[in-house]
Amino acid sequence: MASRSSALAALNVVALLVLCGLPATTEAHTQFGAYNKTCPQAEEIVFKEMTAILAKSPDLAGPVLRLFSVDCLLGGCEGSILLNSTANNTAEKDAPLNKGLRGYDVVDSIKAKLEVACPGVVSCSDVLALAARDSVRITEGPYIPIPTGRQDGNRSSAADVAPNSPKPGATVTDLIALFARFNLTAKDLAVLSGAHTIGRAHCSAFSPRLYNFNGSSNASSDPTLDANYTATLRGQCKAGDLATLVDLDPSSGTTFDLGYYRDVAASKGLLSTDAALLLDADTRAYVLRQANATANQEFFADFAVSFVNMSKIGVLTHHKGEIRRQCSVVNPPSAHSSAPMTTMSAHAVLLATSLISVLALALLL
Ligand code: HEM
């Protein structure tokens with residue numbers, strides 16, 4: 001009788017431990033190497049594909065990096081920016097502020113390769129995160145180890161975009177406040193803006209600085225923009241041209257380096273939001289320190305930290321998201337049943353099995 005009750009007590013402890021283990025793994029979390037067991041080659045496939053894509057089209061590094069930042073800063077790194085509009089819903093990507101985004105095909109083609117290697121395992125939000133960090137690495141920036149295990153959301157609404165995006169002409173106070181909503185600091189803002197060391201902007205994004213500045217006259221331009229640079233930019237963007245693409249860091253637009261900070265410090269920050277970094281004491285100090293730095297180590301180490309901070313915004317829990325089969329559309333209802341077992345459902349099975357064992361043993365003893 002004594003051995004029976006102690007065996008029962010021991011089994012109850014086991015059951016309790018299983019139960020206690022549940023919440024920790026059903027909360028939102030990501031981890032380094034989340035695909036080590038389920039798709040060990042995932043990160044290598046993304047890197048190999050990005051290397052091949054950027055070898056052919058080096059100017060796609062910027063669009064992919066930006067796509068990830070927009071996805072995260074619109075409330076969560078859950079791949080909602082990748083979803084297409086449907087008959088009943090206009091998606092984030094079709095909001096006016098996001099019309100200039102590019103790089104969707106890059107994500108789709110990498111995802112297609114992963115679906116062949118490990119069907120239904122790697123989320124689109126992770127593909128985007130990994131492709132973005134590889135954009136940095138391949139353009140000679142730092143290698144950034146990032147946690148994975150994000151799942152994909154199924155909500156994407158154009159109406160969410162304007163209220164949650166930096167407005168063209170936003171002040172540095174606006175930008176700091178926007179970042180603070182995601183627990184990102186003024187330092188994160190100064191560091192992540194350094195991503196503008198690669199990539200390009202449409203003339204539409206900065207031509208208000210070149211012509212008819214503050215509505216005074218067509219000849220008037222932003223006095224805080226270097227005069228020679230203004231003249232160069234007017235050569236590249238004629239009045240009314242909204243479509244031409246111009247390097248954000250003209251000295252080294254395809255290399256991830258300190259060029260951006262040197263531009264901004266020299267009044268050659270292309271976007272008004274770049275120039276605005278000089279108007280807050282903290283962000284200004286960071287810009288000037290990097291502009292005068294002789295080596296990129298500090299910026300690279302900071303960028304790795306801030307990038308990971310950004311990559312954690314609004315990550316979905318296992319039971320809230322899905323592993324999209326195609327990044328531009330949510331899974332059809334049938335795909336849910338064929339999806340691999342999530343950690344949550346694996347735990348449910350484990351728990352049920354443990355409870356059945358406890359009951360069976362209790363009856364036997
Ligand atoms: C402070 C917030 C930010 C603002 C206001 C901002 C604004 C912009 C704008 C207006 C463009 C030009 C878009 C176009 O004309 O097509 C751009 C491009 C870009 N942004 Fe940002 N950005 C911000 C933060 C970030 C962050 C956090 C990252 C990444 C870590 C990033 C990476 C890029 C890249 C790589 C490009 C070039 C895109 C391309 O080549 O197509 N930006 N950004």
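Placed from the backbone N, Cα and C atoms, the Cβ positions cover glycine too.
Binding of Ca(2+) 2 is attributed by TrEMBL to THR197, ASP249, and the same site annotation extends, among ASP241, ASP257, to ASP257. Here the candidates are CYS124, CYS203, CYS237, and TrEMBL names CYS124 as the disulfide partner of CYS327. Only one of CYS77, CYS118, CYS203 is recorded by TrEMBL as the disulfide partner of CYS39: CYS118. Listed recorded positions: ARG66, CYS72, PRO166. Those with a CB atom under 6 Å from ligand 1: ARG66, PRO166. The binding-site residues near CYS77 (disulfide bond), taking a 10 angstroms Cα-Cα threshold over the set ASP71, PRO166, HIS196, THR197, are ASP71.
In the region 'Disordered' (143-166), helix, strand and coil residues by DSSP number 7 helix, 3 strand, 14 coil. Taking Cα separation as the measure, CYS118 (disulfide bond) is nearest to CYS124 of the recorded positions CYS124, THR197, ASP249, CYS327. Counting every protein chain shown, the Cβ of SER80 (Ca(2+) 1 binding site) has 24 other Cβ atoms within 10 Å.
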